[in-house]
Amino acid sequence: MAKQYQSEWTKKVPLKEQLYIMKRLFGYTKRYKRQFIGAIVAAAGLATINILLPRLLQVFMDRYLTNQSATTQILLGVAVLYGLGVMLKAVTQFFQSFLFGMGSERAMEDVRRDLFQKLHQLGMRYFDQTPAGSIVSRITNDTMTLVDYWNVFLSLLVGSFSIISAFIAMWLIAPKIALATLTFLPVLLIVIWYYSSYSARVYRRMREKLSQLNTKLNESIEGITIIQQFRQEKRLTDEFEQVNADYLKTREAMIRTNSLLLAPIVNLLYTLALVVVLSLFGISALHSFVTAGLVYAFTTYVGNFFNPMTNMMDSLSSLQDGMVAGRRIFRILDQEEYAPAQNPDATNEITKGRVEFKHVSFSYDGEHEILHDVSFVVEPGQTVALVGHTGSGKSSIINVMMRFYEFYEGQILIDGHDIRSFPMTELRRKMGLVLQDAFMFYGDIASNIRLFNEQITDAQIRSAAEFVQADGFIEQLPGQYHARVIEGGAQFSSGQRQLISFARTLVTNPKILVLDEATANIDTETESMIQTGLARLRQGRTSIAIAHRLSTIRDAELILVLEQGQIVERGNHESLVAQKGRYYEMYQLQNGAE
Amino acid sequence: MGIFKKLGWYFKQEYRRYLLGVTFLILVAIVQIVPPKVIGTLVDLMDTKQLTATKLVMWLIILLAAAILQYVFRYGWRTRIWGGAAKLERTLRSRLFWHFMKMDTTFFQKHRTGDLMAHATNDLTAIQQVAGAGILTFADSIITGGTTIIAMVIFVDWRLTLMALIPMPLLAVVSRRLGAHLHTAFGQSQAAFSRLNDKTQESVSGIKVLKTFGQEAADIDDFNVIVTKTVKINKRVNLIDGLFDPSISLIIGLTYIVTIIYGGTLVMNHSISIGQLISFISYIAALVWPMFAIGRLFNVLERGNASYDRVEELLQETSTIIETPDALQIPATGDINYAIQKFTYPGDQQPTLANVSFTLQQGKTLGIVGKVGSGKTTLIKLLLREYDQYQGKIEINRHDIRDYSLDALLDSIGYVPQDNFLFSTDVRDNIRFADFERDQAAVEAAATSSAVHDDILRFAQGYETVVGERGVSLSGGQKQRIAIARAIMTDPEILILDDSLSAVDAKTEEAILMNLKTLRANQTTIITANRLSSVMHADEIIVMDNGQIAERGTHEALLAADGWYAKMWWKQQLNQALGGV
């Protein structure tokens, strides 16, 4: 069998870190002080009403019922008072729950906002290293866990209020017996402590098994073709049965634990406390008078004393989950893999679009140099084509040029100024990148071309689409520019997606164009559309292109042949062919291709 | 209530457990009557000054016994009934799993993984609730409710009981109504959560585009708008959720008011004692939960019923791939002969294959190329019997492949799929997927043939490296080569590489193809590819176009013919030179 994967949820968080995480998580609740304080006040009010109502009945019984002095007026009076008390109770219950719920909801959403904002400050390096799924689950699922986490504190608070107020009430009416009841407090604490530590273990094991079970199920569905082709249905089922049975076992253990230590034991303790209380009342009743109302009120308080326990114990299991979630959330918030920064006083503007690389060297990991001493100049309006094998450094030139990654050696100059002396917004506005894989967002065609930039008008979108010849297929869509785009733009061919991404770039009217030409096999018709689109896109703009199309290459004023991060040949088409070097070898192949 | 009937088979099967569970519930209900009665009695004894030490001790012993018995009985029913629910969930999950294992491609195309997962998790949770909470509330409402009311009547007063019970049905109504509202609101909250999830997913996937266009701030604004909407929707959930406790308080408060007025009157005219009144108040508290639970019961049953129907519907679906009763058990080896007149995917209008005929002699290698969507993979899928409904036939050794047993046919085929799916276990078990008995040497031999052995040794844990979602992430090329090793491992009579060399570089591709040639001298190989270098050494290459064979011949012949193949060949050579594919 394969090694069992141990998830983060099953590991214990060290106490010191727990305190740190707790402190930071509580920081998020500060903004919603009003809600939380409101909820706490309501909880205190509730605890008070819960001791006043039995008190009312006690007085009613002892003063009017036992000595037969209750008139109809008194009966109604007590009923009205009681009714008012109940209404007040309902109000406090509502506000306690609602205010706390909203406070923690809002605080959680703040965590989400912070995380999302942080995400956009991080550099590409971070996204290269972290699977998308895990980032998403930090922002959505882990934050959700926080609500349960904050709820632990509500139930602890409500529980302590209830216990303390019950004790005070008991103390006021029968101090000695109240003290006797207090002896149950240590027992209570021991049970809570034991349950929370023991059940946490069982619970974590159960959760672990459940996640194994779901992984197995998910994987078996996704790999069904392989399973069936290799005739492994029986084995996979046996394996699944095993996990399924293991999960059942852990669940049964959880049920046993809860049955032994949760609600039933609280009830047992409560009834035992009743035995003690009643025996003490009974003993004193043997030689002095004990009123009925006193016994009633006191036994009710004993109930208040024990009631919140189940809830408290139950919620404690969320404490650990909250810690793990908090730890993972802060790992993102503390992440320092920032996107490259511009100079703080950067104010330059790109006017001409002249690009110069001066002895640029670059490495992704600080060890393996990907670009080595790269220098070249592109004059305004010119096109430079980058040619070379995968891994030769073509994409890295684009990556440093677009400031996706920081470089430390050499200089990139735009219009003669260091690239870091332009504000990022200026760079983004004046430099347009067309990616190989044209990523599409959920929305419609227009929103995909506009890409959140509300200043772009519908007319501009239309003319951009026309210019790159994307209008042809767009206008055949139902809804045309408002045709829905589903997840990833799956309904469009890669060629159509390309055209949309051309329009997306064109509409921003960049000075400098950075192109990563798609290599995907596209049918000839779309291919020629894309070629025209590309050519039009390049008109009057400085272009730096990873070129796969001979047309792009031949039109380029400068061709750079890259090998292992270095420029090995440079020149225009004619001069390079005349050189009879590497470029010439490649070019030879065109005879067959064209 | 229909759902109880539908689950009848399970209750019948587990009748002992449930009988015992319900017995414990009855016992708990009976014992629960004791404490209020003891309190009431002792109060009366104190009030009338008739309490003696013996009487006190006697009543206290009864109370103590009740405390202990309650604990034991509670443990009893909880483990029985909750355990029964857990067991039902397992039983149904097993059934579903085995069902999935037997279903055909059509089924898995109709139901996406996410949907099937939802059935196997959410629906099962809803169904097991019927066997747990459902049975419990049903029994509890009747038993605890019933015994408590009886105790009220016997120990206190029937008129007071009747009066006090009047507001009680409101509890059931409120819990049902609020429960239903909460369910709807919760559904909306879930949908909002999904939207948030999708948004985040999209931003992370499209991060490069967003950076390119400098739209970080706009994207954050967009996210915040969704968050604000989510808060609004969750506010409703909180609101409804917050109404539960107050509603209970108000309704119970009404009962108390009735008790104060009418119970007080009864005490005044000596119909009941003060101790009885106190017992009565305690009994009211014992009634809250059963009454409230009735309302909840309907919701549990409703959801359970809907879920059960969905799961049943899934289980009723049958595979279209049927083994004939007298299916051939002999291994499928020999010449492969395709003679397909027409094949259309279920639900499609246009046929995907039309008039495809060719013969592949045993021991030869066939290459299949063509544009995306031209029908290459479909040819393979039919051979693997993922679909059986087509005009024409495919024969192996002159027997229709639909006459073989699935074991006989598929055991002869080694298949490397396009998406090179690996399981999240270690590399070794992935390679020896078809037979866990195979030893390390055999695994290494297969890995060496598919040129992945050295890569594996470079992993920190070598062959024990766990792959997949939770393990090391492999490159596409590594995955493909492991998938090839997995197929070679069974030494199949027919090996199929379905575009499974696309992510390995040209040199490695060449090495693998050479290894296969020596390793599989007299065995049949079928290779589909977008990259023509994968098939250039094949004995015959067919070019598919729009579901038909457009060109066929050897590499040289096809180049000479100067058709699509030749054009594509030169284009790919150029692309490669320019650093493309």
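Heads up, the Cβ atoms here are built off N, Cα and C, so glycines get one too.
TrEMBL assigns the feature transmembrane segment to residues A:289-306, out of the candidate ranges A:289-306, A:433-450. Looking at the domain 'ABC transporter' (A:355-589) alone, the prediction's average pLDDT is 79.
Within its own chain, the transmembrane segment (A:36-53) is flanked in space by residues 29, 82, 85-86, 88-89, 92-93, 95-97, 99-100, 103, 154, 157-158, 161-162, 164-166, 168-169, 301, 304, which lie at least six positions past its ends and keep a Cβ under 8 Å from the stretch. Below 8 angstroms of C-beta separation, residues 174, 176-177, 180-181, 184, 187-188, 191, 194-195, 198-199, 290, 294-295, 298-299, 302-303, 305-306, 309-310, 313-314 of the same chain, each at least six residues beyond the ends of the transmembrane segment (A:260-283), sit close to that stretch. Long-range neighbours of the transmembrane segment (A:149-171) within the same chain, counting only residues 6 or more positions beyond its ends whose Cβ lies under 8 Å from a Cβ of the stretch, are 25, 29, 39-40, 43-44, 46-48, 50-51, 54-55, 96, 100, 103-104, 107-108, 177-179, 181-182, 185, 297-298, 301-302, 304-305, 307-309, 311-312, 314-316, 318-319, 321-323, 325-326.
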